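K.L.:
Feature table excerpt (Swiss-Prot):
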TRANSMEM  82-102  transmembrane segment
TRANSMEM  117-137  transmembrane segment
TRANSMEM  171-191  transmembrane segment
TRANSMEM  205-225  transmembrane segment
TRANSMEM  244-264  transmembrane segment
TRANSMEM  368-388  transmembrane segment
BINDING   474-598  nucleoside 3',5'-cyclic phosphate binding site
REGION    590-605  region 'Calmodulin-binding'
DOMAIN    610-639  domain 'IQ'
Amino acid sequence: MAFGRNNRVRFRDWISEGTEYGYGRNKARPSLNTVLKNVRRGLKKPLSFGSHNKKRDSNSSTTTQKNIINPQGSFLQNWNKIFLFASVIALAIDPLFFYIPIVDGERHCLNLHRNLEIAASVLRTFIDAFYIIHIVFQFRTAYISPSSRVFGRGELVDDPKAIAIKYLSSYFIIDLLSILPLPQLVVLAVIPNVNKPVSLITKDYLITVIFTQYIPRILRIYPLYTEVTRTSGIVTETAWAGAAWNLSLYMLASHVFGALWYLISVEREDRCWREACEKIPEVCNFRFLYCDGNSSVRNDFLTTSCPFINPDDITNSTVFNFGIFTDALKSGIVESDDFWKKFFYCFWWGLRNLSALGQNLNTSKFVGEIIFAVSICISGLVLFALLIGNMQKYLESTTVREEEMRVRKRDAEQWMSHRMLPDDLRKRIRRYEQYKWQETRGVEEENLLRNLPKDLRRDIKRHFCLDLLKKVPLFEIMDEQLLDAVCDKLKPVLYTENSYAIREGDPVEEMLFVMRGKLMSATTNGGRTGFFNAVYLKPSDFCGEDLLTWALDPQSSSHFPISTRTVQALTEVEAFALAADDLKLVASQFRRLHSKQLQHTFRFYSVQWRTWGASFIQAAWRRHCRRKLARSLTEEEDRFRNAITKRERNAASSSSLVATLYASRFASNALRNLRTNNLPLLPPKPSEPDFSLRNP
């Protein structure tokens with residue numbers, strides 16, 4: 001395979017690095033320092049390339065080729081999946097900042113949730129670490145040259161400078177905007193160092209900062225999802241995981257709209273307070289609306305200036321209309337310090353209105369509120385359609401085989417009814433279809449293997465059949481090359497209980513190797529009366545060896561040999577079949593093994609040779625018994641004759657003479673019958689397999 005050395009790039013496997021990250025089953029989640037340390041360690045490992053790359057000087061080639069990652073390798077594919085899930089989690093963490101502003105119900109002012117500030121900032125920083133690692137990988141990931149995609153997988157570009165230029169001109173700006181720690185800066189750095197009311201700055205800045213990064217993060221997910229599905233074909237391994245993945249995206253949108261609904265509810269109450277404060281400027285200051293200000297009169301007018309009235313119940317146009325945010329204010333969810341209570345209530349509101357496409361939303365005349373309701377309606381329509389379509393696709397993939405089985409059974413029933421088959425044949429057909437479904441689950445193994453490369457198909461067949469073939473003594477003494485040739489030609493077959501694999505007198509078209517089940521091989525020696533021989537075949541046994549003798553004979557005719565035995569399945573049987581044409585192709589290789597050992601092995605384990613040998617021994621034993629009986633009868637006859645002669649000389653009584661005559665006649669008749677009876681016919685001697693080196 002020397003041609004593979006000049007036109008391929010060879011990368012070292014990154015599986016060991018994957019295990020170092022600790023994503024194994026029994027390992028705890030690694031810390032950020034551990035992840036970064038393992039990433040640096042993995043990037044320092046050398047990777048070997050083929051000789052087709054551009055020539056560089058000795059110093060540059062040793063430094064630049066060490067840190068390049070194969071874009072089609074298993075390490076990067078696994079990392080892209082991890083980063084995809086991390087990106088989705090990041091989209092779920094950013095809306096948590098919207099829950100930081102709260103309304104102090106006792107003092108009627110805006111305040112901040114300090115514990116939530118810290119928790120959201122820590123979670124956001126942890127997720128940003130994945131973005132940092134991803135950016136580092138992007139600067140060290142080779143790419144396929146677009147001009148080389150005419151044929152095959154294309155040529156990998158491993159030049160670090162070219163890789164950096166390509167990444168800087170594509171997604172680097174989006175990744176940079178996504179990784180900027182703007183929410184953390186606003187919460188932990190900007191707010192403590194300003195003179196304006198803290199809650200006012202937080203409320204105004206959070207929406208701007210979050211959406212500045214939220215849009216780039218959403219834009220980055222789609223090409224990442226496309227890359228994962230393009231390289232590995234799927235995101236999740238099972239259909240249920242795929243359905244859960246699509247459902248999680250729908251729930252993520254519900255979480256985002258619920259958090260926005262909460263923040264805008266706080267903003268609308270703040271707007272109502274501002275309008276009420278503008279009406280009495282002599283006693284009210286905007287700083288009174290925030291809990292870091294000082295005033296003793298704010299509770300007097302804020303309690304009655306902004307009543308929470310449903311939009312349908314408003315009769316006075318001067319009353320502030322909270323629209324779709326009335327529920328959040330009346331329920332007191334904006335005044336609660338319990339984060340989980342707020343989170344689940346707002347999440348339920350978002351999920352309910354997304355599912356209802358916003359049909360129950362009664363908005364006010366506020367333009368921002370109307371736009372928010374329209375976005376809920378459109379997003380719900382799009383997401384619900386995608387959710388139903390994708391979940392239907394994933395869930396149908398789990399039942400597609402069952403549906404195909406039902407259709408096949410229905411077609412079979414209609415066909416059997418149309419052809420008016422008898423009940424026994426119908427039962428056999430149903431039993432075979434049921435057994436085939438239980439064994440294969442509707443997977444067409446032959447079609448699946450046929451579409452695989454030859455070497456991979458050979459290895460799979462070796463995995464299936466090699467151990468079984470080695471249990472057959474005939475194949476145990478063969479070399480690996482011959483076993484590979486036999487394995488490649490084997491095809492799986494199924495037999496139901498009481499079905500016939502081979503019938504006596506029919507042409508033998510295949511040789512069977514039993515993998516599971518029990519069969520009976522019987523012969524009547526061509527239907528001769530009184531002859532019956534049966535043996536039982538168990539796993540690792542074989543039958544149809546007439547075909548092997550026929551295939552090994554260079555002078556054999558084109559007609560298949562006639563079977564001398566009937567093979568019937570006593571239980572459900574799984575076996576591998578070697579067809580006559582395939583066996584003929586392999587037979588030329590068998591003739592190289594012209595050893596006596598192979599010939600004796602074939603004779604010893606062949607059912608036909610065993611039957612013939614047993615019959616031959618029985619016939620020899622019968623001949624021995626007949627000869628022994630003939631000798632004894634001859635001796636008895638001679639003894640009787642001597643007795644007759646002796647009695648005649650002694651003039652014995654007539655009665656004794658008559659008895660002696662009768663005994664003599666009986667011995668003579670028995671001997672005559674013994675000589676006239678023929679031995680039972682022997683089964684025909686099986687043909688000798690030709691293991692010579694003659695060419696056919």
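Every residue, even glycine, has its Cβ placed from backbone N, Cα and C.
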K.L.:
Restricting to the same chain and to residues at least six past its boundaries, which positions have a Cβ under 8 Å from a Cβ of the transmembrane segment (205-225)?
P.N.:
80, 83-84, 87-88, 90-91, 94-95, 97-98, 100-101, 171, 174-175, 177-178, 180, 182-183, 186, 190, 235, 263
K.L.:
Hey, which bits of the same chain come close to the transmembrane segment (171-191), Cβ under 8 Å, at least six residues off its ends?
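P.N.:
Residues 90, 94, 97, 100, 112, 117, 120-121, 124-125, 128, 131-132, 134-135, 138, 198, 201-202, 205-206, 209-210, 212-213, 216-217, 219-220, 223.
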K.L.:
So what sits near L490 (nucleoside 3',5'-cyclic phosphate binding site) in its own chain, CB-to-CB under 8 Å and at least six residues off in sequence?
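P.N.:
Listed in sequence order, they are K461, F464, C465, F513, F576, A577, L578.
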K.L.:
Of L570, V586, the binding-site residues given in the record, which has the fewest other CB atoms within 10 A of its CB?
P.N.:
L570
K.L.:
Let me know how many other Cβ atoms fall within 10 Å of the Cβ of D506 (nucleoside 3',5'-cyclic phosphate binding site).
P.N.:
12
K.L.:
Would you mind pulling the DSSP three-state label for A522 (nucleoside 3',5'-cyclic phosphate binding site)?
P.N.:
strand
K.L.:
For the domain 'IQ' (610-639), what are the DSSP-based totals of helix, strand and coil residues?
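P.N.:
So the domain 'IQ' (610-639) is made up of 30 helix, 0 strand, 0 coil.
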K.L.:
Can you give me the same-chain residues 6 or more apart in sequence from K538 (nucleoside 3',5'-cyclic phosphate binding site) with a CB-CB distance under 8 Å?
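P.N.:
Result: V514, K518.
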